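To start, the structure itself, in structure tokens.
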């Protein structure tokens, strides 16, 4: 896409409060440049918005400064709508996060900051049947219809992985986006299959049971040497003290009737 095109000037803003107002979104970004429009999408779960600036450089500044910004108790996500971002020599994006078709899921993106830590939840679906030109950003855009996407990646074989911020969105994605028409940024289309990744540890109401099971062995290992001997000694001491107290009280009770 030519430099300065509309996608270069447009940013996605995720994890907004469901009742956010246009003026509030404008207040977050107004100091970075003149805003052409704000389009808020709300419904199930957190709201999100698209903000278009008049100058692509203002959009770049907004992504750098506001991704991860805390608003109304939430950490919002700000990224380019097509992963365009600032470019270096030869027109290559400075934010590495394009289509990682090397065979493994090793470079998917969850936010707009290049190289930043990715927020992972385990609330994951597997997407199969993606066209060869489908990128992680194409997949992320498609799956946003089901909820707030925090991570997406695409492998060489046309399989994708997507993580949502809520488990309810996983169920909704399987129900509503399975066997839907997917379009890549190059216009290539395919019907995709979407299924829950039950091996991710994020299922069954949020994955709390899986994660608690994974923590419990470590907790037991930490607790056993520290507390078990102390508890056993303290119980033995308490029993011995109770016996000594009972022994000391028994003589005092015997002479009482006179």
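For all residues, glycine too, the Cβ spot is worked out from N, Cα and C.
Among the features that Swiss-Prot reports, compositional bias 'Basic and acidic residues' is placed at 97-107 (among others).
According to Swiss-Prot, the feature compositional bias 'Gly residues' maps to 108-117.
Marked as compositional bias 'Basic and acidic residues' by Swiss-Prot: 208-223 (among others).
Annotated compositional bias 'Basic residues' per Swiss-Prot: 228-246, in sequence order.
As annotated by Swiss-Prot, compositional bias 'Low complexity' applies to 247-258.
Look at Swiss-Prot and you will find 9-83 tagged as domain 'RRM 1'.
According to Swiss-Prot, the domain 'RRM 2' annotation covers 123-197. Broken down by DSSP into helix, strand and coil, the domain 'RRM 2' (123-197) contains 19 helix, 29 strand, 27 coil.
According to Swiss-Prot, the feature region 'Disordered' maps to 81-120 (among others).
Under the heading region 'Disordered', Swiss-Prot lists 190-258 (among others).
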#### Entry: the domain 'RRM 1' (9-83), counted residue by residue under DSSP: helix, strand, coil
23 helix, 29 strand, 23 coil
